[in-house]
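**Q** Structure below; questions to follow.
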Amino acid sequence: MQFFTALAAVGALVAPALALPTQVPANQSLIDVQLSATGNSMIKAVITNKGTRALNLLKFNTIMDENPTAKVMVFDKNGAEVEFTGMLPRYDMNSLSTDYFATLAPQASVEHSFDIAATHNIKESGKYTLSAHGLIPTAEEHGTTITGQAFYESNTLEMEIDASKAAMVPRAFEELDAHIVGTIDKRSGIVTSSCDASQLRIVKQALANSRMLALNAARAASSNPSKVREYFGSSDSSIMQKVASRFQSVARESTASGGQTTYHCTDNRGSCKPGVLAYTLPSTNTVYNCPSYYREPSLTKRCHAQDQATTTLHELTHNPVVVSPFCKDLGYGYRLATGLPTSKAIQNADNYALFANEESSPVFFVPVFYSNG
């Protein structure tokens, strides 16, 4: 990985970034996504490149993600959103490999199938309504440097699901027995039996740094409307209040005495796949760190870069006991996160991590451009 910095032209580089549009119109979509039912709770998604040039699409946190993530929204017959029981990961955007991308030639398609019963709590038989939408980071063909984004919005799929058959589908994350969970420090919520001495020290420091970042961000969200508008698309007083309140909640949770989440230093579920820094199970308010988490810096001074502190902060926003409704992964990185409409931005975990990171960075920061070439 190489870092390219521009010292003399900091102002020239920052200004265009702040001038990016705050919303991505649907008519800019180059991606068509069609959902169809192929079984009781099995879904097939056909993703088509409608453009005239090849698209290199990052699969992380999209309809193409191979991990048990939230690929579709699922609503029951009463219009209530069905509980999601899968994982919400934070991916390492500094070390992208070509394996994480899907390249589609013009008018070409790729299929991806998944069973929603593996990641959703299907309690009753009946009609369910599904849809998918989001932003996909894009790179040049054969490249891994993110250079753009593609919006997608699927058809609305209605399907009948038999709950008894859905119950037979193996869950992506089954409830663990207490002896498998391990020893939990009741003051902090850290599963100490999952940590060696070094990991425990690092996690406690990350929580302390997360608290510091969240408190600084809460103050900024209450007093800096232009900065809230930059990251959340609006400086309305209600938005500023909600953002500040959520940062205060994260600060309360980022403590060594009194956390409501369960925090694992390591993963005992085998879900730390390549590229995952850490992940959360919102259905159980549980956070798991992955090996790559410990290779990140403790607290970076590079604006919009990843580190242990903002990864912990990011994951805490995924927990319903911290933020309700819990934040999802709707857009990754500054460009995609600030391209979301306000209604999505305030529900996107990375907006909070990015906002908190900037508030802790020097005023005259060095922009970072990532290349894995």
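Quick reminder: no glycine exception, Cβ is built from N, Cα and C everywhere.
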**Q** Say which of C265, C272 is recorded by Swiss-Prot as the disulfide partner for C195.
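**A** Swiss-Prot says the disulfide from C195 goes to C265.
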**Q** According to Swiss-Prot, the disulfide involving C290 connects it to which residue among C272, C327?
**A** C272
**Q** May I ask you to report the DSSP-based helix, strand or coil state of E315 (active site)?
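**A** Note: E315 (active site) is helical by DSSP.
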**Q** In whole Å, note down how far the CA of C272 (disulfide bond) lies from the CA of D329 (Zn(2+) binding site).
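**A** Between the alpha carbons of D329 (Zn(2+) binding site) and C272 (disulfide bond) there are 17 Å.
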**Q** Neighbours of the Zn(2+) site H314, H318, D329: Cβ within 8 Å of the Cβ centroid, same chain, sequence order.
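**A** So the additional residues around the site are L88, P89, R90, T280, E315, T317, C327, K328, A349, D350, A353.
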**Q** Select the closest residue to C272 (disulfide bond) from the following recorded positions, measuring between CA atoms: H314, E315, H318.
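**A** Result for C272 (disulfide bond): the nearest of the recorded positions is E315.
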**Q** Between E315 (active site) and C290 (disulfide bond), how far is it from one CA atom to the other, in Å?
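**A** Their Cα atoms are separated by 12 Å.
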**Q** To the nearest whole angstrom, state the Cα distance for the pair C265 (disulfide bond) and C290 (disulfide bond).
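**A** Computed Cα spacing between C265 (disulfide bond) and C290 (disulfide bond) is 8 Å.
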**Q** Between C290 (disulfide bond) and C195 (disulfide bond), what is the CA-CA distance rounded to a whole number of Å?
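**A** About 12 Å separates the two Cα atoms.
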